[in-house]
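Heads up, the thing below is written out as structure tokens.
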Amino acid sequence: MEVEDSGGVVLTAYHSHARSQPQGAEPRCASRASHPLSRKSIPRCRRINRMLSNESLHPPSFSRSNSQASVDSSASMEEFLREIESIKESSVGASQEQPPTAAAAAAEVKPVDEGELEAEWLQDVGLSTLISGNEEEDGKALLSTLTRTQAAAVKKRYNTYTQTLRKKNKQPVRDVRDIFGVSESPPSDSCEHATQLDGTKEEKDLPGVTKTSRPLPDDASLSSTTLSNGAQDEEGGFVALQSGSVSILEAIPDIAVHTNGSADAEQSVQSTLSDDDYHGKNVPAEAEELSFEVSYSEMVTEMPDRNKWKKSDIKKEDYVLTKFIIQKTRFGLTETGDLSVEDMKKIRHLSLIELTAFFDAFGIQLKRNKTERVRGRDNGIFGVPLTVLLDNDRKKDPAVKVPLVLQKFFQKVEESGLESEGIFRLSGCTAKVKQYREELDARFNADKFKWDKMCHREAAVMLKAFFRELPTSLFPVEYIPAFISLMERGPDIKVQFQALHLMVMALPDANRDTAQALMAFFNKVIANESKNRMNLWNISTVMAPNLFFSRSKHSDCEELLLANTATHIIRLMLKYQKILWKVPSFLITQVRRMNEATMLLKKQLPSMKKLLRRKTLDREVSILKTSKVPQKSPSSRRMSDVPEGVIRVHAPLLSKVSMAIQLNSQTKAKDILAKFQYENSHGSSEHIKMQNQRLYEVGGNIGQHCLDPDAYILDVYHINPHAEWVIKP
């Protein structure tokens, strides 16, 4: 019997440990009520791979040629099954020791209507203003930055939400035109956009919106972007927003996607960065260019015959994955940790909108089930939410981004286990694992746990248990069905990478940072493959059941498909770990626009507030005029004091604390750092300080941005002239 999957785990030559079935017997997805490890006996959340019993294998929807089967793939399947059995045994053992609590019980899917899910989606992407009706600056600013595909995705969800509300509400009062049959205008001119938005492509002038220029071209840059309820004047400044009763959603612009910054397209590519820099062996000669400058959903929409792709063969060998050549623009590349917390929150909102629009382009609905929130434990280590662990750890180290206990597990394995054969296939000593778990829960936060006595095998076992027992999966399992549908349409690895890239950007901060550290750690394990026999395929096979789990009920066949896809996703994460956590530049451009729009909107007082506060404001202005001499604001004073093309860089931690630097088209961030290093090279301590220093742009249209050493500062200066420039760790 052969069960194969081109999208993840290769299921070949499966050998049942039970009695062999008669020849010709077909695999079946039967009920497992009689199985000793049935649902009732597993109090913990239902793992997506619990279905891999010896009698319930069923072919997934993917197929592979028989020539691709190998002994290695059969061994990988056996590893997968052993990991499932280990999870089942640990789950049963835990249930016998203590009764399940409400926090640990499986959360069942609640029957909810589509409107509730769309309302939750709108809240998750930062558009709760559309539900509450409040004129919030952040929501309006976010809407003003959306591309065509992103705006269409928001409109679609908002329409579903409003339609559901109308069905729930009582019969509305009949319109006078319904009574007398008056119809003076065609239906297309009816004014119902406050409750439902249509998908027409015709552009209409909106009341209260000032337009000063013709429609934007497709290659418009950031400097020519028109914001919702506002426009640019000829000098590039924004015209003040007009007050009125314009609905927030009416102002969603039908704008083209823009390149990052104002640099010409021909000059945008300064150098290339290949994933081969990080995985330098067994790379095929074919390579594909990967751009972060253009919205992925816009790129997919413009692809001809995107629904007629030929299915790509996904083989076991890691070297057959596409080699990507990444465009490195004049603004450099940005890691997730290079941006401020507030800006990363905006990135997360935009990424979820972009991910939804990306799947919409393929006709795939990004469905999410509404489940009961599992709170988890408030203390200890295992079963505690990542956010709670980080809150406790930040009392010791405010800068920590990955739970300290997880870092200890990594360190323990790296000390003596990287060359240990089958390090993540071994189960370790059960008695010791149980003892260490209890001691960690009781003593770790008090720094009383003795790490010297722990073996690397037990550390590896507890690392898997740590992720398996999280209240919620490290990676959202609800995205997997959409990823399965994407793979069934047969797009190449590049499209799969783009979907996965947006998934990573949409993760909560704690999950995203932890996942990055985990993938970096596993790549260290894979680097010692010749000694530990743990390659990319083995790691993804063993870790899939621990990193992805579902609290929803699925048939065994569905869960098999979910498991295979989860394995493939981990494999992609491991292969492209160095580039998946780089923020796409088109999202950074949208964040800059959003910050500019927020500052503009905050200057505008609602008409009612203006009316109520007019006398108070006039009195305050008169007092200021008589008591103080008008002074320039710090930003205007700074701009007037510093000539064009000259920036003042501050280095508060160095002996040379400030320096004015004349920029030219070739000045890079590393050149500025080199100048400060030369000026502060009098002592060895100053030299050590400079090794950890980076150049930041702070303020203006960005919260804080740690610049790539290869970024051209004049280009950054042009898109953010009001920023301050600071050198710090």
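Our numbering is plain: 1 for the first residue shown, then up by one each step along the chain.
The backbone N, Cα and C atoms fix where each Cβ goes, and this holds for glycine too.
As annotated in Swiss-Prot, phosphoserine applies, among Ser41, Ser70, Ser268, Ser420, to Ser70. Between the CA atoms of Arg425 (site 'Arginine finger') and Thr164 (phosphothreonine) there is a gap of 50 Å. Arg425 (site 'Arginine finger') carries neither a helix nor a strand DSSP state and counts as coil. Cβ neighbours within 10 Å of Arg425 (site 'Arginine finger'), excluding its own Cβ and spanning all shown chains: 18.
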